[in-house]
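As written in Swiss-Prot, here are the features:
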- 5-25: transmembrane segment (TRANSMEM)
- 32-52: transmembrane segment (TRANSMEM)
- 60-80: transmembrane segment (TRANSMEM)
- 75, 78: Na(+) binding site (BINDING)
- 99-119: transmembrane segment (TRANSMEM)
């Protein structure tokens with residue numbers, strides 16, 4: 001029960017963070033490209049790499065907190081469904097190049113951000129950052 005409550009509370013925080021952060025990014029850059037969704041997914045990808053690597057290599061993050069941060073907060077922050085819908089709408093609107101750029105950029109950049117999170121965690125744990 002404690003884990004489920006932790007996940008639920010953190011998920012609410014992640015959802016609010018996504019709402020405000022993506023809205024802020026869209027306000028800055030407009031909606032011609034799904035920059036808001038890309039931004040929250042990139043941040044989430046970096047953070048999950050960082051959190052999971054720290055959790056696997058040390059005892060700095062207790063198991064319940066790890067669940068809250070990864071399943072809860074990152075689950076609420078990131079959004080594959082919105083990415084899918086926005087890409088579908090771009091295709092439906094005939095913006096094939098923009099849709100392909102979004103799909104490719106999202107996958108490649110999210111993997112890169114996860115890798116950066118992992119190497120950041122390793123450097124922090126080894127004290128070489």
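Along the chain as shown, residues are numbered 1 onward.
Glycine too: its Cβ is placed from the backbone N, Cα and C atoms.
A quick note: this is a predicted structure, and the numbers were derived from the prediction, not measured.
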(request) Would you kindly check 5-25, 32-52, 99-119 and say which stretch has the most C-beta pairs under 8 angstroms to the transmembrane segment (60-80)? (result) 5-25
(message) With every protein chain in view, what's the tally of Cβ atoms within 10 Å of the Cβ of residue 75 (Na(+) binding site), excluding that atom itself?
(response) 18
(request) Could you check what DSSP calls residue 75 (Na(+) binding site) once collapsed to helix, strand or coil? (result) helix
(message) Can you tell me how many other Cβ atoms are located within 10 Å of the Cβ belonging to residue 78 (Na(+) binding site)?
(response) 22
